[in-house]
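Undergrad: I have a structure I would like to understand better, so I am pasting it below and will then ask my questions one at a time.
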């Protein structure tokens, strides 16, 4: 079919969507998805499936895995969207966040808030009706903790913001366990602690890199209010705690060398990098914080992959 001539009347066919309208709709959908911060959600969900495998001591039903992941994505997306709504004033001051939809005004603040609340309601109903109500309660707790304790409470007030507030990112571990068992067991509690102690090194490394952004926005992240030597010592301390708890998972969860050997090797690798950072900071040398940031993602991914392997073997 030949293309219509320039200046021709647009089609009256109701099934044909004008290109401009389609492009605007696509951009709008992308903006709402961007509010959910799916790249962050992806990291959170890395821990969910391995914990489900451990709780089941095998492979749970694909239906349960799919529903849990979808509901978990919507739950985390709800918390992230509301976070974007609350932080829209400081996001415009930070180079890392100034392209977010609310800063660019491609989504109205009220619409973003309604979207975030709707995601939370849908995820809660999905967990409650399709998984179990224990998981639903944990999901609501995660959203509430992230929004009220971290975003509204600690983020702009305390250098310990990410230490305490980061607990919200640990809830997928508990939800993964409860989705299978309907309860929260000790292995899940220890894995929660692994992610809890992992969070400060992960985010402080990022905050070192974007220290000026946080300072401009008035967010008292530890690298803004403390010396680099102090920050790297804290990173090292939390790294040791993280590794110690990760090793304690093996006897408590009754899993063997398939998990323990990788946990030891990964832990040694991570602690060695944390030591390197602390030593270079003490000498006043460049520390390359993003190296630890990316290593932390690899560490957590491989640790939970080892957990999944141990659960299946």
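Cβ atoms are placed via backbone N, Cα and C, with glycine included.
Pulled the feature table from Swiss-Prot, pasting it below:
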type	residues	note
TRANSMEM	33-53	transmembrane segment
TRANSMEM	59-79	transmembrane segment
TRANSMEM	107-127	transmembrane segment
TRANSMEM	129-149	transmembrane segment
TRANSMEM	162-182	transmembrane segment
TRANSMEM	188-208	transmembrane segment
TRANSMEM	212-232	transmembrane segment
TRANSMEM	252-272	transmembrane segment
TRANSMEM	292-312	transmembrane segment
Undergrad: I need to check the long-range neighbours of the transmembrane segment (252-272): which residues 6 or more away from its ends have a CB within less than 8 Å of a CB in the stretch?
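TA: Residues 54, 186-187, 190, 201, 236, 239-240, 242-243, 246, 295-296, 299, 302-303, 306-307, 309-311, 313.
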Undergrad: Cβ pairs under 8 Å only, please: of the recorded stretches 162-182, 212-232, 292-312, which one is richest in them relative to the transmembrane segment (59-79)?
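TA: Looking at each of 162-182, 212-232, 292-312 in turn, the most contacts to the transmembrane segment (59-79) are made by 162-182.
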Undergrad: Would the transmembrane segment (292-312) count as touching the transmembrane segment (33-53), if touching means at least three Cβ pairs under 8 Å and pairs must be 6 or more apart in sequence?
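TA: Counting Cβ pairs under 8 Å (6 or more apart in sequence), the transmembrane segment (292-312) reaches the transmembrane segment (33-53), since there are 3 or more.
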Undergrad: Report, as numbers and ranges, every residue of the chain located at least six residues beyond the transmembrane segment (107-127) whose Cβ falls under 8 Å of a Cβ in that stretch; write 'none' if there are none.
TA: 28, 31-32, 35-36, 67-68, 70-72, 74-75, 77-82, 84-85, 88, 101, 133, 135-136, 139-140, 143, 175, 179
Undergrad: Mind checking which residues reach the transmembrane segment (188-208)? Cβ under 8 Å, same chain, six or more beyond either end.
TA: 47, 51, 55, 162-163, 166-167, 169-171, 173-174, 176-178, 214, 221-224, 228, 231, 234-235, 238-239, 241-242, 245-246, 248-249, 252-253, 270, 274, 287, 289-290, 292-293, 296-297, 299-300, 303, 307
